[in-house]
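Feature annotation from Swiss-Prot assigns 5-phospho-alpha-D-ribose 1-diphosphate binding site to G82, 85-86, 92-95, 110-118, S122. The anthranilate 1 binding site annotation in Swiss-Prot covers G82, N113. Summarising the annotation, Swiss-Prot assigns Mg(2+) 1 binding site to S94, E228. Look at Swiss-Prot and you will find R168 tagged as anthranilate 2 binding site, backed by sequence analysis. Among the features that Swiss-Prot reports, Mg(2+) 2 binding site is placed at D227, E228, with the record citing sequence analysis.
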Amino acid sequence: MNIQQALNHITKNIHLTQPQMEEIMRSIMQGEATEAQIGALMMGLRMKGESIDEMTAAARVMREFAIKIDVSDIKHLVDIVGTGGDGQNLFNVSTASSFVIAAAGATIAKHGNRGVSSKSGSSDLLEQAGIHLDLDMQQTERCIREMGVGFLFAPNHHKAMKYAAGPRRELGIRSIFNLLGPLTNPAGVKRFVIGVFSDELCRPIAEVMKQLGAEHVMVVHSKDGLDEISLAAPTTIAELKDGEITEWTLNPEDVGIESQTLNGLVVADATASLKLIKDALSKNKSDIGEKAANMIALNAGAGIYVAGITKTYAQAVVFAQDIIYGGQTLEKMSVLAEFTKTLKQSQAD
């Protein structure tokens, strides 16, 4: 099936089979599809609704083309990532949570990119924090193994995705490619917290991750529209564990945190995001920093739990709070920045 035939199917609201979607995705990754065709596919799938088979097949092909790092032997290896596209422009919760999860004894291999439909993607924020992302594969692996936290800048690992970069940037909408980012971690990670831009995606993404061989995953979307666990509203969760998917709803009060509005947590850019995160992770927090810290604890707790550090999510949230208030997280961030700086200098020499 070629991409024109696929588009014809999609306009009739017909889902593509896994073999059909694999064929289309390969044509994109090999540079055979035009930008107009890729843009039409993005919009068509978005309007039809991406099926489990379409997402699974596209992710499988993208993984096939990825430049990989093999750290799958590491215990408690986890990624916490959002699809983006929620349009809320909050500070970068998942990136802040990564450092808390790493300080808890898990290992983070965080797959991320620059903001496409938000003002602060994980890569934008990390560069503001002085963390170098333009590392080679060996250096990135050293970060993960020696520092317990490493960042996999998507364009370094998914070179073939360059063909979709133009349409993604020009359309500026959430699309199947937002969904594929979290599904295509190139480091062999099998434990994830994945935030999605619609609660209708929670179970389907959990189903996709099951087909892709994941072990323990929480897929989350909050009732106030966030692609993370919210401080201000209940959060819908689809949890894949031991091959079974269960769906549940989380209220902050369930784990001893008082619900609060998100006022003060919206940021203009990566600089403002970093400033708020440093406030939240410091020992002397402002009122807004305190609120951000609670938001981070809810999300870092999910990562600590799926990593297998604690037996329950509630225990993990308490552990995350202890780490945040103990000040270890900021130290983790600054040590990683220094380590990546040293790696870059040795590369230059």
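If you go along the chain as it appears here, the first residue is 1 and each next one adds 1.
Cβ coordinates come from backbone N, Cα and C, glycine included.
Remark: of the binding-site residues N92, S94, N113, the most isolated position is N113 (fewest other Cβ atoms within 10 Å of its Cβ). Residue environment of E228 (Mg(2+) 1 binding site) contains 28 other Cβ atoms, counted within 10 Å of its Cβ in all protein chains. In this structure, the CA atom of N92 (5-phospho-alpha-D-ribose 1-diphosphate binding site) is 21 Å away from the CA atom of R168 (anthranilate 2 binding site). G112 (5-phospho-alpha-D-ribose 1-diphosphate binding site) counts 28 other C-beta atoms within 10 Å of its own C-beta, drawing on all protein chains shown. There are 30 other Cβ atoms within 10 Å of the Cβ belonging to D227 (Mg(2+) 2 binding site). When the Cα atoms are compared, N113 (anthranilate 1 binding site) and R168 (anthranilate 2 binding site) turn out to be 13 Å apart.
Secondary structure at G112 (5-phospho-alpha-D-ribose 1-diphosphate binding site), taken from DSSP and collapsed to helix, strand or coil, is strand.
DSSP assigns E228 (Mg(2+) 1 binding site) to coil in the three-state reduction, outside any helix or strand.
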